[in-house]
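Participant: So Swiss-Prot says this about it:
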- 124: phosphoserine (MOD_RES)
- 153-337: domain 'DH' (DOMAIN)
- 366-465: domain 'PH 1' (DOMAIN)
- 528-584: zinc finger (ZN_FING)
- 534, 537, 559, 562: Zn(2+) 1 binding site (BINDING)
- 551, 554, 576, 579: Zn(2+) 2 binding site (BINDING)
- 612-711: domain 'PH 2' (DOMAIN)
- 732: phosphothreonine (MOD_RES)
């Protein structure tokens, strides 16, 4: 059975192809998209019904031809046409296969789902007439390459972008509103569905409510007067960084799907029931989950082709180049997440082989090389099987375990890279040998071939040299930090001279003057008694990479990352996050209250969110402005354009994950008579949330952070960024 056809399954419950994001097709930004058909034969049916009967260019291809899907790079029924042929591409003339911007066509036979009824069903050819405003360009038109101008080429690329975006939004809808919703309704635990689908809901809302409507309006309505794509992509490209979280979780999600399919009959029944529906296109859940992983590179390829055909003096040139930079950054962000997960997977595999003998699963560790090797006995020259694991900071010398299950290797020697030396030797009775010398032991090893020996020697030498360079850099950095380290005493406390502690000129038993030595000793004793970790993040201090600082308002010891807030524009005014949010942004005078009194008079700070966040804390949430519930709000660093609202505390379940792009922030009207003070409204489409902070200062901090995130600029405040306006005749709290 070809992927372009699907069998009928009337006994299965039909699933709506698109969810209802608003009250109707006209009230939702996806109104036009909701009118589009879904399914492998839907587009062909509509196309054939509207085409003339004698037009051979619109006929379906033979059953042996595969349907290319430019969105995912593999053959699937998501393509709206049976065969695409771009006349403006250099390879279109005389080519038996469609030219799709150089993307290879792959098969998806492994992802097919067997149907109960193997009989193929012919397309009926009956369907709704397509909307002329959203009718895509049909590349089957017989236009030669010489007749296709540059503006037409750009229009073809823009229409291809719109076409693939519409198909992609349907896939996202299928994942979020069909698979995830049905599994939740079937009673699958929330942590399982969250682990499988990650932040797919935020990705779906971004594309369905913002990117797709912008592209539809520009390409179908405004292209004749404003033929541009760069301004839209430049505005929305920063939000593509949210794909990093999905990509990083992808392997774990695949494992959860496989595990729950095998162990839970209910989970398996729900998945198989959906996969048999026409809306699923005869493809598995795993196939659809791969779409977001491949989407950002597709944008990059399309935009590169767009820039290649865009004239140098075009008005859209600058915006398009900037958009390509932002999309490439988002792609690099996803690739970095993939590489990080692959590195951790390698460490986990080694950890399992060693039976947990060595704690090597650490983001700072990196596996450089591993392999089996022979060890030469110093007594009789016999060889013994051994295994080497070379990391960036240590080498593990292991022996095989003689057991069928469980641990495969045991660590015989752990050799630090800083003390490691490698030497090539030539022995008449043993070829391909070299010696590794450590602090406690020397090993004479033998490889199978001379090339393998040279490779081990080169890799070990390069690893040792790189480790030495890093150590020298850390030592230099540590010396610079020691010179620039700030005093640990608060500026409010007077610095006592040594003469006030002991009379000047009083000698110790050895005849020396103990003034300076006494102060050094007391400073060291005080530091030893302090907590070893930061008050805010809890990370342990060290003398090189994690220096300690003291908050100038509350006096608590904090790290450099948690003391980036300043009460005034000077280095001597570092304060912690809690004091920065609650205290006036002016340094305390010597005659004011002591730091202890300031800490007692200040309101209770919010507990620290264990996840890295741009801003987090406790807020009150209401859906109607009358009933309020306490929630934990956070703007995560990994997804800075999303506001997460959790029930109760940071350990509670996720209530809302609100994409901040396109949101509006307003102040409530006094006539509403809200019970909670320091409140504001957050609008997204037709939905409104009422939020309230404990104090006016915290309210201003939240408004500033939300206003920055709404404009997609989390690196800093943009000049001229709009702030929420209060209703006329009222004062902003």
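In case you wondered, yes, glycine gets a Cβ from its N, Cα and C as well.
Because the structure is a prediction, the values reported are computed rather than measured.
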Participant: What residue among the binding-site residues 534, 576, 579 has the most other CB atoms lying within 10 A of its CB?
Facilitator: 576
Participant: With every protein chain in view, what's the tally of Cβ atoms within 10 Å of the Cβ of residue 554 (Zn(2+) 2 binding site), excluding that atom itself?
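Facilitator: Its Cβ has 22 other Cβ atoms within 10 Å.
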Participant: Sort residue 534 (Zn(2+) 1 binding site) into helix, strand or coil using the DSSP assignment.
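Facilitator: Once the DSSP labels are grouped into three classes, residue 534 (Zn(2+) 1 binding site) ends up as coil.
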Participant: May I ask which of the binding-site residues 551, 554, 576, 579 is closest to residue 562 (Zn(2+) 1 binding site) if we compare their C-alpha atoms?
Facilitator: 576
Participant: Where among the binding-site residues 537, 551, 559, 562 do you find the Cβ with the fewest other Cβ atoms within 10 Å?
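Facilitator: Result for the binding-site residues 537, 551, 559, 562: minimum number of other Cβ atoms within 10 Å at 537.
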Participant: Helix, strand or coil: which one is residue 579 (Zn(2+) 2 binding site) in, per DSSP?
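Facilitator: SS state of residue 579 (Zn(2+) 2 binding site) = helix.
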Participant: Quick one: Cα separation, residue 551 (Zn(2+) 2 binding site) versus residue 537 (Zn(2+) 1 binding site), in Å?
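Facilitator: Each residue's Cα considered, residue 551 (Zn(2+) 2 binding site) and residue 537 (Zn(2+) 1 binding site) end up 14 Å apart.
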Participant: If I take the alpha carbons of residue 559 (Zn(2+) 1 binding site) and residue 579 (Zn(2+) 2 binding site), what is the distance between them in whole Å?
Facilitator: 15
Participant: What three-state secondary structure does DSSP assign to residue 554 (Zn(2+) 2 binding site)?
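Facilitator: DSSP call for residue 554 (Zn(2+) 2 binding site): coil, neither helix nor strand.
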Participant: I'd like to confirm something. Which of the binding-site residues, 554, 576, 579, has a Cα closest to the Cα of residue 534 (Zn(2+) 1 binding site)?
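Facilitator: For residue 534 (Zn(2+) 1 binding site), the closest Cα among 554, 576, 579 is found at 576.
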Participant: Whole-number Å only: compute the distance from the Cα of residue 579 (Zn(2+) 2 binding site) to the Cα of residue 537 (Zn(2+) 1 binding site).
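Facilitator: A Cα-Cα distance of 15 Å.
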Participant: Could you round the CA separation between residue 554 (Zn(2+) 2 binding site) and residue 537 (Zn(2+) 1 binding site) to a whole angstrom and send it over?
Facilitator: 16
Participant: May I ask you to report the DSSP-based helix, strand or coil state of residue 562 (Zn(2+) 1 binding site)?
Facilitator: helix
